[in-house]
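As structure tokens, the structure follows; a few thoughts come after it.
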Amino acid sequence: MASTITSPATADDRVSARSVGARLLSRPEIGSLVGAAVILVFFLIAAPPFRDINNTGTILYQAALVGVMAVPVALLMIGGEFDLSAGVAVTTSGLTAGLFAYQFSVNVWLGILIALAVSLAVGAFNGWLLMRTGLPSFLVTLGTFFILQGLNIAVTRLASGAVASNSISDMDGFGAAQKVFASEFKLGGVTIKIIIVWWIVFVAIAAWVLLKTQIGNWIFAVGGDAAAARAVGVPVKKVKIGLFMAVGFFAWFAGMQLLFVQNGVVQSGEGVGKEFVYIIAAVVGGCLLTGGYGSVAGGAIGALIFGMVQLGVVYAGWNPDWFKAFLGTMLLLATIVNLVVKNRAEAR
Amino acid sequence: MTTTESFASEAANSPTAPIVHLEDVGKSYGNIQALRGVSLSVRQGEITCVLGDNGAGKSTLIKIIAGLHDYTSGTMSVNGEERHFASPRESLDSGIATVYQDLALAPLMSVWRNFFLGNELTRGPFRQLDERAMKRIANEELTKMGISIPDLEQPVGKLSGGQRQCVAIARAIHFGAKVLILDEPTAALGVNQSGVVLKYVVKARDAGIGVIFITHNPHHAYLVGNHFVVLKLGRVALDTQRADITLEQLTTEMAGGSELEALSHELRDLAPDAVADVQDAIQAQEKE
Ligand SMILES: Nc1ncnc2c1ncn2[C@@H]1O[C@H](COP(=O)(O)OP(=O)(O)OP(=O)(O)O)[C@@H](O)[C@H]1O
Ligand SMILES: [Mg+2]
């Protein structure tokens with residue numbers, strides 16, 4: 001509207017523009033970046049095998065296993081919700097593809113497509129139920145967590161008579177699918193698993209969507225204040241259901257990786273507890289538990305910290321029992337660092 | 001007060017067909033009847049002031065028009081067509097923009113992102129956000145409003161209440177509303193910023209927008225209003241054109257009229273020196 005109001009718009013001289021440094025420090029992932037650097041230096045000193053370039057591929061692989069799922073979990077957290085079923089949903093996806101292809105003796109790719117449909121449907125169901133009931137996502141997804149955990153084991157036993165799915169490694173399409181989801185290649189002597197490449201691609205796309213598109217703007221808004229977002233016309237329900245379906249999509253992808261890296265067999269009890277690892281990666285990366293704030297890159301750094309610590313403990317020759325304690329400490333430290341850094345940046 | 005006179009002279013009646021018309025509308029929240037038999041017309045180029053005490057049902061009334069709540073009885077027509085809005089999007093698409101009292105903006109998001117929330121500008125084949133254009137326009141519109149926010153990357157939660165109102169109003173007007181609903185926009189503002197908001201309200205009216213202006217303050221209402229509706233306990237207690245009422249009458253009506261007079265008598269009996277007359281009581285209430 002071309003209105004021409006002449007008002008005394010003298011600049012407010014109490015406010016000075018924030019320095020570049022302060023702006024950089026107010027990025028959500030800055031705390032985790034500092035943490036990652038500290039951990040890197042620590043293990044470079046404490047664990048000699050950590051310095052071996054050949055182990056870099058292994059560390060990145062561990063990080064990518066968590067990182068792929070940390071992408072949608074971070075987006076969902078920024079959108080103000082949790083998904084406790086994310087860990088077992090990965091197993092559900094792998095089992096679905098494996099069991100379907102084997103039981104119906106069809107091409108592996110058909111099983112993969114069915115698994116995609118099932119994974120998206122689980123996500124859509126979580127989102128729909130949440131929007132329909134208005135219950136907290138903690139409760140709704142706790143329900144789906146138990147349902148999926150039970151179904152994984154029960155259906156597998158029913159179909160294969162064992163606790164793992166039947167091997168599909170000699171079936172049509174297996175080779176090509178394994179190339180896509182679980183192959184590896186050499187890069188300057190370092191063995192790189194293909195999932196690392198996928199992880200980087202996913203992080204780049206998701207970060208772009210979050211910061212540079214309308215959908216991204218809406219994700220921040222529904223997490224920050226869903227009522228205000230709805231009032232200005234943001235389709236809150238669609239955004240939230242979409243986020244849960246994104247978790248479904250990535251669970252599908254991670255499930256395929258699981259299936260094809262283990263030569264076509266998935267253990268039905270797998271995945272329990274992983275949901276917390278994904279949430280930890282997102283929180284360590286600076287996502288606010290209450291929504292409306294965070295970044296995809298932060299989730300990736302959180303996953304990287306996870307990978308470094310997990311293997312660092314091993315490379316340092318310590319008992320792996322220490323890993324969980326270390327991880328919990330990391331979580332606490334990271335959240336405190338995030339808080340302090342954020343407060344200081346805002347105080348400038 | 002020179003501004004009073006200029007606003008008063010501008011506030012002439014301009015009867016046209018109503019854009020939004022409510023007939024006998026009621027709304028209950030479970031067993032609470034928040035609105036009962038409310039009729040109201042909003043016309044282009046006219047400012048309709050809705051006044052009333054806390055809990056009178058003002059916010060409920062505008063939430064119906066804004067599509068946040070559906071009404072439970074009566075009819076609402078928009079552009080002559082009977083409507084039940086299922087979501088605020090439908091109301092927005094009918095050209096009704098609302099600045100809410102209690103829910104305005106996402107606090108952790110930056111000023112420019114909030115300004116364009118729901119109406120983001122995009123460019124290129126991948127529909128990327130056009131950040132530069134959005135920042136520029138947000139800056140221009142806010143400068144017109146008379147508030148300067150040097151850092152548009154600042155989260156909205158860090159702005160003052162008045163600045164937040166201005167962002168929300170500037171946004172509603174920028175996106176070309178035909179009807180603009182303002183729920184107590186001046187309640188949290190200082191004298192200067194209230195003046196700026198009132199000027200903006202008048203500008204919006206002159207641009208042909210139908211404005212619904214909700215306020216506690218009869219002075220602010222009388223400065224700009226063409227038409228006054230006073231709500232009391234969910235019912236319309238007064239519905240009048242500007243020509244038929246004086247500021248004093250409006251103030252008395254708004255403050256509860258006869259009830260206030262009775263209160264003043266009661267208080268006089270208790271403490272004869274403390275309360276002079278109704279007028280003082282009203283003024284005291286004004287200053288609050
Ligand atoms: N969501 C709700 N559920 C139940 N009752 C409600 C709800 N919203 C409002 N009410 C009730 O409806 C009545 C009118 O409330 P409303 O918010 O419309 O008042 P108001 O005139 O805007 O008051 P204020 O001047 O304080 O903003 C009040 O009695 C209130 O308690
Ligand atoms: Mg109100």
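Each residue, glycine too, has its Cβ placed from N, Cα and C.
Annotated in TrEMBL:
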- A:30-47: transmembrane segment (TRANSMEM)
- A:59-78: transmembrane segment (TRANSMEM)
- A:84-102: transmembrane segment (TRANSMEM)
- A:109-129: transmembrane segment (TRANSMEM)
- A:135-155: transmembrane segment (TRANSMEM)
- A:187-209: transmembrane segment (TRANSMEM)
- A:241-260: transmembrane segment (TRANSMEM)
- A:272-289: transmembrane segment (TRANSMEM)
- A:296-316: transmembrane segment (TRANSMEM)
- A:322-341: transmembrane segment (TRANSMEM)
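Beyond its flanks by at least six residues, the transmembrane segment (A:59-78) meets 50, 86, 90, 192-193, 195-196, 198-199, 202-203, 206, 210, 219-220, 223, 243-244, 246-247, 249-251, 253-254, 257, 274, 277-279, 281-283, 285, 287-289, 291-296, 298-300, 302-304, 306-308, 310-311 of its own chain at Cβ-Cβ distances under 8 Å.
With a cut-off of 8 Å between Cβ atoms, the residues of this chain six or more beyond the transmembrane segment (A:187-209) that come close are 53-54, 56-57, 60-61, 63-65, 67-68, 71-72, 75, 179-181, 215-216, 250, 253, 257, 295-297, 299-300. Only residues 6 or more beyond the boundaries of the transmembrane segment (A:109-129), in the same chain, are considered here, and those with a CB under 8 A from a CB of the stretch are 83, 85, 89, 92-94, 96-102, 135, 137, 140-141, 144, 148, 168, 173, 176-177, 240-249, 251-252, 255-256. The stretch in A:135-155, A:241-260, A:322-341 that contributes the largest number of Cβ pairs under 8 Å to the transmembrane segment (A:296-316) is A:322-341.
Counting residues 6+ beyond its ends, the transmembrane segment (A:241-260) has Cβ neighbours under 8 Å at 65, 68-69, 71-73, 75-76, 79, 81, 83, 86, 89-98, 112, 115-116, 119-124, 126-128, 130-131, 168, 174, 177-178, 180-182, 195, 198, 202, 215, 219, 266, 270 in the same chain. Beyond the ends of the transmembrane segment (A:30-47), by six or more residues, the same chain brings 24, 284-286, 298, 301-302, 304-305, 308-309, 312, 315-317, 330, 333-334, 337-338, 340-342 to within a C-beta distance below 8 angstroms of the stretch.
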